Structure formats: structure tokens, C-alpha cells
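Feature annotations, reproduced from Swiss-Prot:
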type	residues	note
BINDING	Val18, Thr28, Gly29, Glu30, Leu31, Thr32, Lys113, Tyr114, Arg141	AMP binding site
BINDING	Asp69, Glu98	Mg(2+) 1 binding site
BINDING	Glu98, Asp119, Leu121	Mg(2+) 2 binding site
BINDING	Asp119, Asp122, Glu281	Mg(2+) 3 binding site
BINDING	Asp122, Asn213, Glu214, Gly215, Tyr216, Tyr245, Val246, Gly247, Ser248, Met249, Tyr265, Lys275	substrate binding site
MOD_RES	Tyr216	phosphotyrosine
MOD_RES	Tyr219	phosphotyrosine
REGION	3-10	region 'Important for interaction with ALDOA'
MOTIF	204-208	motif 'Nuclear localization signal'
Amino acid sequence: MTDRSPFETDMLTLTRYVMEKGRQAKGTGELTQLLNSMLTAIKAISSAVRKAGLAHLYGIAGTVNVTGDEVKKLDVLSNALVINMLQSSYSTCVLVSEENKEAIITAKERRGKYVVCFDPLDGSSNIDCLASIGTIFAIYRKTTEDEPSDKDALQPGRNIVAAGYALYGSATLVALSTGQGVDLFMLDPALGEFVLVEKDVKIKKKGKIFSLNEGYAKYFDAATTEYVQKKKFPEDGSAPYGARYVGSMVADVHRTLVYGGIFLYPANQKSPKGKLRLLYECNPVAYIIEQAGGLATTGTQPVLDVKPESIHQRVPLILGSPDDVQEYLACVQKNQAGR
């Protein structure tokens, strides 16, 4: 059935994994339904991404989304897929998408207790050149008895119940955490199922790669400039860090998780509040990185401690191996002390 052996009789699929986690937590099954619906959407998006050129899904849809990005045709399709799958899971009450200006409130007859924040297709500016892209999501419980509203999504990342991302690269991968470490699943095309490939992934304490868009060096603050200089021209005589930057956050974050090192999208003169969105970009990946033993910071506080004020709020993001992030924070503190 798969290429790994003639026939596997006891494989741990992601569907089975999600059901087992729900059983262990003695839950109602609502989160299980929700995660399985999210996975169905991810499989459908994966299929659409693979067929995009043939189905004329490349190119621009002719609109700009609420955060100022050009909307690609695949973005529109992916957004509709995720919204429809999540609402038909009967487990959500509020959805926040990068593509929608307002929060989406699930109809009463389909309503559940979970809030989902997601970016249906992160890195979609890379679609036309076939670079890796992804889907990112974070799931929260509704904490009030009030009628659902966008306020239900304004929770710090510490409240996340489950989070993950899908990476549509040379294969389709899902990284998922329900608060007990990070597990990686690969889509087996022969089965149409995600199969566990790595359990309880841990990030290296220190890496050898730094990842940021150096094209913005003109706008960097003193701390970022100093840190990058240290990585390129180490004062202790050690080898310089390698530079890697795809420009698709899911791809850059996943490489950082697997190989170690640091990913930076700091505030700069052009984007003083940062560029990446807190609810559906920064929080989910910060949660995954922390669950894997890494650190994720805005430069002034852990990303997961930020109390959101609006659903499309932007924050700086620096994440990766703990020693590397601490070294960056030391540069920040040194430059603040020197002011």
C-alpha cells in the first residue's frame, strides 16, 4: 500500500492520532471533529496546489486582502475550503481568516465551542514560482457565554488548545501540537492519509543558520544589525552562520524547527509594529516552536504572552533555537541600555 513496506497493518494515521488524543482527554469529540475537518481542507488544498498550473489557478484574482496583500486565485479557493469544512464540523463559533476583514460567525444551527484563527495559504506570493507554501491554524476555546464575536478571538497564544501548520513542499507535511509536544505527519498519496513520521520533535539548542530578509537591512534597528553582523563575522573565530530565506514563513519556520537556528521578522523603520499577523501567523508557529523546546519572542516579550487588541494585529517575530534567540535578546537589551 505504501512505499515503505509491502503492506502496513498498524500505521498511526493523523485521523487515528486525533481520535486517540481525544479519548485520552475524555473529551466530547468536538475537537476531534474540528481537527479532522481541518485535515480534510488541508488535503483538498494540497491537491489544488499540485494541480494549480493545469487548472489555471496561478495568477492574481484582481483584489487585495484586508492586510494589503494581492489575493491569488488559490488563496480564494483555499479560504473557501477551510471556512466550509470548519463550519460544517459543528464545532466552531468564530473563525478569523487572513482573507476576511471581519471575523466569521458560524450560524447558530452549526455552532460549537471553538474559535479558529487561520491563514489558508501562507506565502502565496510564491505560488507562481512553485516555492513551498502552507496553511497555518490555531484553535482556542470560547471563554464567555456571550453571543460569539471577534472578541472571542482576542486571546493570548497561551490559551491555544491545538495549533499546527501544513507545508506544501516536495511532500505535504503537517506539524501538530495539542500541548504535549510536536508530532510530524506526511501525506501518503497512496492512502490519501497523513501518517506519523516523527514523534515529539525537539529543536536543537543552537543552530548554524539565520533566516531573515536582508533586503530590508537599510531599515533594521541597531540590535538586528548587530546580531546579523555577529552571525556573518563571528568575533570568536568560529564559522559564520549560513543564510537561508525562502520568503514563505511556513517553509522558513519548518526549516528552523528541523535544522535549528533562528528566524527573524523584526520590527523595522518601515514596519515599526512588525509585519506578520499575531493571531494566525505568529501565535500558531510560536506555539509549535515552544512545544519543541525553542523560544519565540517579539523582542520585548514572548509572542504567546501578547494580549491581542485587534484580529489583524501585527507583531515582530523572532523564533528558533533557545541559545540563538537568547543571543538576539542580549543584543536588544545591550542596545536599549546604551540609549
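Cβ atoms are placed via backbone N, Cα and C, with glycine included.
Locations of recorded Swiss-Prot features on the structure.
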residue: Val18; record: AMP binding site; DSSP (3 states): helix
residue: Gly29; record: AMP binding site; DSSP (3 states): coil
residue: Glu98; record: Mg(2+) 1 binding site; DSSP (3 states): coil
residue: Asp119; record: Mg(2+) 2 binding site; DSSP (3 states): strand
residue: Arg141; record: AMP binding site; DSSP (3 states): strand
residue: Glu214; record: substrate binding site; DSSP (3 states): helix
residue: Ser248; record: substrate binding site; DSSP (3 states): coil
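In sequence order, Glu98, Asp119, Asp122, Ile136, Met249, Leu317 are the residues near Glu281 (Mg(2+) 3 binding site), counting only same-chain partners six or more apart with C-beta under 8 A. Note on the region 'Important for interaction with ALDOA' (3-10): its mean pLDDT in the predicted model is 63. Taking a C-beta cut-off of under 8 Å and a sequence gap of six or more, Tyr216 (substrate binding site) has these contacts in its own chain: Asn268, Lys270. Classification of Tyr265 (substrate binding site) by DSSP places it within a strand. Residues Asp122, Asn213, Glu214, Gly215, Tyr216, Tyr245, Val246, Gly247, Ser248, Met249, Tyr265, Lys275 are listed as the substrate binders, and the farthest two of them sit 20 Å apart at their Cα atoms. Outside the motif 'Nuclear localization signal' (204-208), and at least 6 residues removed from its termini, the chain residues within Cβ reach (under 8 Å) are 239, 241-242, 256, 259-262, 320-324. Cβ neighbour counts within 10 Å, taken over all protein chains shown, single out Tyr265 as the most crowded of the recorded positions Tyr219, Tyr265.
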